[in-house]
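Pulled from Swiss-Prot:
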type     : residues           : note
SIGNAL   : 1-16               : signal peptide
DISULFID : C42-C130           : disulfide bond
BINDING  : Y43, G45, G47, D64 : Ca(2+) binding site
DISULFID : C44-C60            : disulfide bond
DISULFID : C59-C110           : disulfide bond
ACT_SITE : H63                : active site
DISULFID : C65-C137           : disulfide bond
DISULFID : C66-C103           : disulfide bond
DISULFID : C73-C96            : disulfide bond
DISULFID : C90-C101           : disulfide bond
ACT_SITE : D104               : active site
Amino acid sequence: MRTLWIVAVWLMGVEGNLYQFGKMIKHKTGKSALLSYSAYGCYCGWGGQGKPQDATDHCCFVHDCCYGEVSGCYPKTAFTLKFENQDIICGDEDPCNRAVCECDRVAAICFGENVNTSDKKYLFYSSSYCEEESEQC
């Protein structure tokens, strides 16, 4: 029972923004964020290095850069958003929450625009292939 409680508390901390970002991705692509984007190329998932491998990976590179630009804000925070038809609307009045939401919104739109260009060979891509020098944000 104690283990279940620890897992529940841990998930509460993880759930906020990652869950909402996943909803945005699903809304724009029809795909599962976890299965399609959590370990893709050199930048989709935790960390990132090297040269983005394709347009989808470049979406993740830009997303990482965006998070870097919202200094002082915690990127895993929960924020207010809504979906209207195909649009994603960030509605939070808190400047940090709004900025993080905008980073996620732009990335989800980018994934949607490139949904047919992603290549399965970049799923679970080894970071050992990500050694080329990265472009600047």
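For all residues, glycine too, the Cβ spot is worked out from N, Cα and C.
Swiss-Prot feature annotations superimposed on the structure.
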residue : record              : Cβ neighbours (10 Å)
C42     : disulfide bond      : 26
C44     : disulfide bond      : 28
G45     : Ca(2+) binding site : 15
G47     : Ca(2+) binding site : 9
C60     : disulfide bond      : 22
C90     : disulfide bond      : 20
C96     : disulfide bond      : 16
C101    : disulfide bond      : 25
C103    : disulfide bond      : 24
C137    : disulfide bond      : 11
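Listed in chain order, the extra residues whose Cβ falls within 8 Å of the Cβ center of the Ca(2+) site residues Y43, G45, G47, D64 are C42, C44, W46, G48, Q49, C60, F61. The two recorded residues, C42 (disulfide bond) and D104 (active site), show a Cα separation of 18 Å.
Counting other Cβ atoms within 10 Å of each Cβ, the recorded positions D64, D104 show the lowest value at D64. Of all the recorded positions in the record (Y43, G45, H63, D64, D104), the one with the smallest CA separation from C96 (disulfide bond) is D104. Comparing Cα positions, C59 (disulfide bond) lies closest to C44 out of the recorded positions C44, G45, C66.
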